[in-house]
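Listed in TrEMBL:
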DISULFID  145-179  disulfide bond
DISULFID  146-163  disulfide bond
TRANSMEM  12-36  transmembrane segment
TRANSMEM  56-77  transmembrane segment
TRANSMEM  89-109  transmembrane segment
TRANSMEM  193-219  transmembrane segment
């Protein structure tokens, strides 16, 4: 079925667009996986919020974007009205879902940060428990921090995980930042990355959605003229 020049251009642009969307899907999966690994260590601090949920959703949506993009490629090349319309329907659902995720991250990141800071203070005050001590050491090593507000929270006997240079505690140089401030910085940065990446990918997908709708309409009109 032959489309006119303008619609043929849209068809091939949509094909290229979906290849780019496939890469966006892979990017969402990678960012979700990296943030999941980073946030996993903070998961046990507070059970009030599931802080890894946005990362898991990013991985899920990245996988869905990849599959839908492949579907869109096939629909564009084969000039299938059914496949292109189905692609448009799922794409608009995906755009809405990603915008919702971004809004939720922006709205709740402050509450999540507060809850985790309170959780860290609680386990720090009970660091005589070996489980809590191991968790604190993991957080201090990964966030490069020491104590709640500074190494002075330990007095003169801070643990090895506080050491910023070689040497053995307490004779080494400790990290200058406290874990409460470093945790807030990390969560704010991670939340902004997750939210803005979701919005950016949704904006790109919106362009593809408009192109797909135009192509589906052109295919349907061509079918009617051809007597299909």
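The first residue you see is number 1, and the count goes up from there.
From the backbone N, Cα and C atoms, a Cβ is placed for every residue, glycine too.
Feature annotations (TrEMBL) mapped to structure.
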residue : record         : CB count, 10 Å
145     : disulfide bond : 27
146     : disulfide bond : 27
163     : disulfide bond : 21
179     : disulfide bond : 26
Spatial neighbours of the transmembrane segment (193-219) far in sequence, C-beta under 8 Å, 6+ residues away: 1, 3-4, 7, 10-11, 13-14, 17-18, 20-21, 24, 27-28, 31-32, 35, 54-55, 58, 61, 65, 72, 75-76, 79-81, 84-85, 87-88, 91-92, 94-95, 98-99, 101-102, 105-106
Cβ contacts under 8 Å made by the transmembrane segment (12-36) with residues that lie 6+ beyond its boundaries: 52, 54-59, 61-70, 72-73, 76-77, 190, 193-194, 197-198, 201, 204-205, 207-208, 211-212, 215
